[in-house]
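Residues or ranges marked as domain 'Amino acid transporter transmembrane' in TrEMBL: 48-440. The annotation transmembrane segment is assigned in TrEMBL to 84-106, 143-165, 177-194, 199-216, 236-260, 272-295, 317-341, 361-378, 384-405, 426-450.
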Amino acid sequence: MAAGGSGMADEKAPEAFGLSRHVAEAELEEEHAGESSVKSKLSGLLWHGGSAYDAWFSCASNQVAQVLLTLPYSFAQLGMLSGILFQLFYGLMGSWTAYLISILYLEYRTRRERDKADFRNHVIQWFEVLDGLLGRHWRNAGLAFNCTFLLFGSVIQLIGCASNIYYINDRLDKRTWTYIFGACCATTVFIPSFHNYRVWSFLGLVMTTYTAWYIAVASLAHGQVEGVAHSGPTRIVLYFTGATNILYTFGGHAVTVEIMHAMWRPQKFKSIYLLATVYVLTLTLPSASAAYWAFGDALLTHSNALALLPRTAWRDAAVVLMLIHQFITFGFACTPLYFVWEKLIGLHDCRSLCKRAAARLPVVVPIWFLAIIFPFFGPINSAVGSLLVSFTVYIIPALAHMVTFRSPQSRENAVERPPRFAGGWTGAYVINSFVVAWVLVVGFGFGGWASITNFVQQVNTFGLFAKCYQCPPHLAAPPPMAPAPAMPPAMAFNSTGLFAPVQAPAPAPSPMMHFFHHHHRHHGRHGL
């Protein structure tokens, strides 16, 4: 019996041990589940966005980045009244064409989903919308303009980073800062898609809001500089250059399709861009107006408004916050390019983030190189606005909407009809025709001529690969033994900072050249 009792006890012991082990494992699993639940909630809060609020933050944050710092420069070119009116006008026009892009996206996606298309591992882009609705010729045009615009949009963010950091640390020239920030911005290859910009979009908009109101308040507190003049507009070239910079400002909806695709319910996007534009205007109008009131024509030679404000802890904070925001905006502009490149090399469906990040790196290299070649912060915005933004987000969407719904059957079966306040289909066609005509003539025509003229003048004045654009002479000037060629009279600056046909004084000879000249004259008289 003792032996049998001992055997039964021995048999029960493993059972008890197994039960306690299962209980312990269950408790451990619950603990892990609780930890993973906390992690997933935290990840969802900071990383995985797709609501209408996320889309609003993305649109507003992407729309007003470094261009906020160049709008006072545009006001100096346009004058106060024209600057305000152009902001309101192009803000409204940009909201309308963003609405058209959203309608075309919904039309394309609805048609494809009827054909059982699966987009779970595929991000729809603007050129694919054009291809599905209008054919390959429209696709090629949309792809060319969109990619080129986003490429130079990324270049502008990189140039802006170097321009801003110089105002708190001028021990390095702007070209060196461009090298450094190019490497920093390359880390955006690790951000998978627009789903993952939730916390970045929110922080970016907070940073821009601070900077905008800092410029407004600091300008008013500083007061008008002595002898301030508000002579703009004075030249038609500068007038249309400033206008196209504002066209560029409200043309940030080249990533509309990608932002919509990241939403859980893309149908809610229709009025989001308009609401984002309204908020952006509360930042751009006060800051640009106050800076122009305080500094006037001095802004014509300072395309970055921060350059004229006194250095304080508040200004340094604005610079740092704008640097972080420009890093975020670089990612916004570059992520669609990453998608295009992934689709080209066949890695868009890859689940490995590291493989995708490594494959994306070649996209950053030409952006880095172009930022070093053309460091013209301000003028490059206008050139991009007139030549690329005009077609990418104004002309092509308006034409595409008209052609897509040109037949009665397509209008009858449309997923979304134009709003009644716009006049229905007839009103939409009238508005679209006006947008195409206006942007083609004023934005691309006059704006292109003016911005390219101004851009060429910057190249002639500072040269390509400029070491330190608009820096003090000791950094911006070329080495003494390699004097720059004389600037043509038509390209010289006058006292107001405008280009005018004035004769530039001859440069003084360097001490070394004076020595060689004297030595040559002395031995020329006595022979060698």
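Keep in mind that glycine also has a Cβ here, set from the backbone N, Cα and C atoms.
Curation plays no part in TrEMBL annotations; they are all automatic predictions.
Taking residue pairs at least 6 apart in sequence, the transmembrane segment (384-405) and the transmembrane segment (361-378) share fewer than three C-beta contacts under 8 angstroms. Between the transmembrane segment (384-405) and the transmembrane segment (272-295) there are fewer than 3 Cβ pairs closer than 8 Å, counting only pairs 6 or more residues apart in sequence, which means the two stretches are not in contact. Comparing 84-106, 199-216, 236-260, 272-295, 426-450 for CB pairs under 8 angstroms to the transmembrane segment (317-341), the maximum falls on 199-216. Panel annotation: around the transmembrane segment (84-106), residues 59, 71, 78, 124, 126, 129-130, 133, 242-243, 246-247, 249-253, 256-257, 260-261, 266-267, 269-271, 273-274, 277-278, 280-281, 284-285, 288-289, 393-394, 397-398, 400-401, 404, 415-416, 431-432, 435, 438-439 of the same chain, lying at least six beyond its termini, place a Cβ under 8 Å from a Cβ of the stretch. Using a Cβ-Cβ cut-off under 8 Å and counting only residues 6 or more beyond its ends in the same chain, the transmembrane segment (177-194) has close neighbours at 58, 123, 154, 157-159, 161-162, 165-166, 200, 255, 258-259, 261-262, 323, 327, 330-332, 334-335, 338-339, 353, 356-358, 360-361, 363-364, 367-368, 371-372, 375. Beyond the ends of the transmembrane segment (426-450), by six or more residues, the same chain brings 93, 96-97, 100, 236-241, 243-244, 247, 382, 385-387, 389-391, 394-395, 398-399, 401-402, 418 to within a C-beta distance below 8 angstroms of the stretch.
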